[in-house]
């Protein structure tokens with residue numbers, strides 16, 4: 001009788017090792033993504049609709065102070081600062097990832113980060129009453145810092161708490177909420193809702209509400225078990241957190257897998273960005289995330305959104321209705337990202353990356369053709385609309401969400417914070433660069449700008465095809481072994497990887513000891 005019970009328990013555990021979506025795990029994902037990632041998306045597009053009213057407020061405030069109207073070049077400068085301070089703040093936020101997640105934990109960093117958002121929301125919401133436009137620009141920097149931290153810490157946190165067979169889907173949840181944030185900002189920004197002369201301060205101030213909700217609810221959820229065990233050395237707390245997240249008591253297999261990772265990393269200590277960049281054993285992982293992040297931002301996603309209004313107008317959409325078209329593009333973005341959540345575990349990361357960048361590449365090429373010839377061939381303006389939609393679909397299923405998933409998967413615990421810091425910095429620098437350069441590019445090249453984006457997508461596809469491995473349903477250690485071969489570092493047990501870099505006294509015995517624990 002006892003044997004049968006044991007057998008049943010072990011088969012439950014085999015099912016369990018696959019990992020199921022428990023209510024607690026789903027709630028942690030929703031609260032983390034809604035409280036953090038949502039606002040990254042919201043603040044990307046929130047100032048697009050009320051721009052004329054905000055610029056009028058800048059002008060009016062300046063006139064009331066000085067008695068002379070604002071010079072148009074100075075107004076352009078102030079507005080450029082309002083827009084570009086957000087990605088610049090994002091870069092500062094990314095640079096804070098490594099020290100904060102190592103010292104405060106993943107959950108702790110998200111909680112502290114909410115203070116940035118709430119402060120900025122109060123400042124932006126009261127800026128009109130206070131008659132000061134400077135605080136809006138300052139708040140955009142603060143919101144940028146918030147978004148820089150959130151865009152890196154949420155995927156890291158969710159990747160670490162997920163079972164391996166759900167890690168891809170959970171890794172896309174932050175991107176899903178970014179697209180929902182963009183869509184909600186577009187809907188609230190409609191002139192009939194808050195995108196008007198009275199409503200814009202409230203539109204900017206609403207961003208504090210998700211932060212407040214997260215600040216009140218997230219403390220009741222567990223911290224990342226990997227952080228508790230591997231960085232804090234507290235096995236008891238890690239075990240309790242894992243039991244709550246998995247919904248069963250027997251978590252020995254996962255604890256053992258974490259211990260393996262810990263043993264494999266003991267000699268390395270925690271990576272700083274500098275040591276990560278010079279460490280041969282992680283060379284291809286680092287190059288891969290830099291290439292994917294550059295590909296993600298330099299593939300022209302901002303340019304496509306920028307051009308979308310014009311493309312729809314040339315196809316005969318009334319100027320007053322273009323705002324509704326923009327909302328519909330935002331909705332397509334959300335739906336396709338939601339689709340990616342469900343297909344990433346069956347199709348894998350590589351397929352989605354290659355298909356996503358492939359669709360972007362083709363649509364950029366066809367869009368160049370269509371935009372150049374639409375004056376002579378009338379139906380080509382409709383082809384432009386199709387290209388925009390195909391491009392958005394490609395970016396939503398692969399180029400936007402998957403790079404963040406892969407940063408979590410390609411690095412072990414000791415190097416992951418530094419890797420997110422590098423990946424996040426590249427993300428925001430490229431975002432800032434595109435915002436700065438695109439207007440000049442568009443003025444000089446016109447529709448031919450999209451050929452540059454097409455070439456960038458193609459280069460990224462070639463790199464991914466040759467270098468990036470499939471990581472679905474693999475443990476962090478298994479992925480590490482695959483990449484070790486790519487880095488020309490031989491590993492038989494986990495320890496051998498480090499033999500290339502460290503001479504350990506009594507190495508032979510240690511080698512045997514680790515080989516035996518691995519087998």
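For all residues, glycine too, the Cβ spot is worked out from N, Cα and C.
Residues or ranges marked as transmembrane segment by TrEMBL: 21-42 (among others). Sequence-distant contacts of the transmembrane segment (21-42) (same chain, at least 6 residues past either end, Cβ-Cβ under 8 Å): 110, 113-114, 117, 143, 146-147, 150-151, 153-154, 157-158, 161-162, 166, 170, 173-185, 206-207, 210-211, 213-215, 217-218, 221-222, 244-247.
Annotation comment: TrEMBL describes 29-472 as domain 'Major facilitator superfamily (MFS) profile'.
Listed by sequence, the residues of this chain that lie at least six past the ends of the transmembrane segment (77-98) yet keep a Cβ under 8 A from its Cβ atoms are 43-44, 47, 51, 54-55, 58, 70, 109, 133, 136-137, 140-153, 272-273, 417-418, 420-421, 424-425, 427-429, 431-432, 435-436. If you look up TrEMBL, you'll see 77-98 (among others) marked as transmembrane segment.
The transmembrane segment annotation in TrEMBL covers 110-130 (among others).
The list of residues near the transmembrane segment (136-158) in space but at least 6 beyond its ends in sequence, with Cβ under 8 angstroms from a Cβ of it, reads 28-29, 32-33, 36-37, 39-40, 43, 54, 78, 81-83, 85-97, 100-101, 106-107, 109-110, 113, 116-117, 119-121, 123-124, 127, 170-171, 173-174, 178, 204, 207, 224, 404-405, 407-408, 416-417, 420-421, 423-424, 427-428. Feature annotation from TrEMBL assigns transmembrane segment to 136-158 (among others).
As annotated by TrEMBL, transmembrane segment applies to 170-194 (among others).
Annotation source TrEMBL lists transmembrane segment at 200-221 (among others). Long-range contacts of the transmembrane segment (200-221) within the same chain, counting only residues at least 6 positions beyond its ends with a Cβ under 8 Å from a Cβ of the stretch, are 24, 27-28, 31-32, 34-36, 38-39, 42-43, 46-47, 49-50, 53-54, 57, 107, 110-111, 114, 117-118, 120-122, 124-129, 136, 139, 143, 185, 188-189, 194.
According to TrEMBL, the transmembrane segment annotation covers 286-308 (among others). For the transmembrane segment (286-308), same-chain residues at least 6 beyond its ends with a Cβ under 8 Å from one of its own Cβ atoms are 276-277, 325-326, 329, 353, 357, 360, 364, 388, 391-392, 395, 399-400, 402-403, 406-407, 410, 419, 422-423, 426-427, 430-431, 433-435, 438, 442, 449-450, 452-453, 456-457, 459-460, 463-464, 467-468.
Sequence annotations record features per position, and here TrEMBL assigns transmembrane segment to 324-344 (among others).
The annotation transmembrane segment is assigned in TrEMBL to 351-373 (among others).
According to TrEMBL, the feature transmembrane segment maps to 379-406 (among others). Beyond the ends of the transmembrane segment (379-406), by six or more residues, the same chain brings 151-152, 155, 159, 167-168, 171-172, 174-176, 178-179, 288-289, 292-293, 295-296, 299-301, 304, 307-308, 311-312, 314-316, 329, 332-333, 336-337, 339-340, 343-344, 349, 352-360, 362-364, 366-367, 369-371, 373, 423, 457, 460, 468, 471 to within a C-beta distance below 8 angstroms of the stretch.
Annotation comment: TrEMBL describes 418-441 (among others) as transmembrane segment.
Within the same chain, residues 284, 287-288, 291-292, 294-295, 298-300, 303, 349-350, 353-354, 357-358, 360-361, 364-365, 367-368, 371-372, 399, 406, 438, 441, 486 sit at least 6 positions outside the transmembrane segment (447-468) and bring their C-beta atoms closer than 8 Å to a C-beta of that stretch. What TrEMBL lists as transmembrane segment is 447-468 (among others).
The domain 'Major facilitator superfamily (MFS) profile' (29-472) scores a mean pLDDT of 91 in the predicted structure.
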